């Protein structure tokens, strides 16, 4: 492994350590012992869930390629995952509001374990089934757990500001430290122990099973709107009315879709971007480096959110602008590249520059997650939290499916350019959200109000 990779990893680690050690009382929030116990239980479960997810991340593309599938066929498998998340995942995730968030979290574990099992087969149909199951699991991961946390937090009477502490710690651990360890652990399983690219998926199943056992034994159930009169279609209609009647919710959904769409497209593109001539790159170590950069971002986000005078809506404009610039690098570096026609070898000079830019983008991702979670807790109504959050994922999944479907039709620089433009639009929308964030919420959108009085929805 080249010295360059160690230098980038070590430099990021030093910055993260400096940020954590520099925190003072202004950067910390005083909490109760009951809250700390609740928070630590959630962080343990969330870390196990993310370990199950992150162990798979660096090896999905690689596993499919070892089975002999080309970029087009792999793109179709990815499309199946995002399409499943949009169609089936939205329905299953929305059921969490009515059937229970704890039950939805357990469903995530079972579904993802089954998805991991399918990776043992090289058959295209079996792999396609695994992607469909994985798409459903992804929707549950990014809606059910957060919905359970927010509802349980307020049900136990904890201070609202403490919620941002749990968010930032969850991203620091789950999307940072755990992701790094998962990347390194996956590298050991595949490269050092030579267990093959399917080994990380088996390890992921074990972590998911442990997390499911903790959920079943220590979590209580909570709901959004458990009204028996509300079927799934009524929930969807209510969520649509909520989005249409409150510009803040609509803007938040658009911002989330634009950023996450670019992020998931980046997940697909970073491997071919860093190795256009089949250069030998350490996938697991680079993935761990990206997650360390994300950890840096979440550490910075915790300092920002601890200051009540600084608004999330304000600094996120800068985050989106920086992320847009970072994904322009693969386009700009084409002017520095001179095609040699030589296959293999070590990472090129332009690849090194792109890697640094990708680390900057991942730092923005680390800031984005806890910040968007905090804004969602402020603007999304509790009664249909999971439903609305899964509504947000519909345009996201459509965007990613369109990009992946045309993955062979456009050069990789064009796709990076599209992502950069979408992130710039997210910056503009974030500016609009900041301007209107002080306005009161729109009138009550529910089919039934708190007193049980029914009013028809005019949509």
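Backbone N, Cα and C atoms are what each Cβ position is placed from, and that goes for glycine too.
In TrEMBL, the transmembrane segment annotation falls on 170-189 of the listed ranges 170-189, 230-249. At the 8 Å Cβ cutoff, the transmembrane segment (344-369) and the transmembrane segment (390-406) share fewer than 3 close pairs (sequence separation 6 or more) and do not count as touching. Three or more CB pairs closer than 8 A are found between the transmembrane segment (285-306) and the transmembrane segment (6-22), so contact between the two stretches is assigned (pairs 6 or more residues apart).
Count of Cβ pairs under 8 Å against the transmembrane segment (412-429): among 6-22, 74-96, 129-150, 170-189, 390-406, the largest is for 390-406. Beyond the ends of the transmembrane segment (6-22), by six or more residues, the same chain brings 285, 288-289, 292-293, 295-296, 299-300, 303, 355-356, 359 to within a C-beta distance below 8 angstroms of the stretch.
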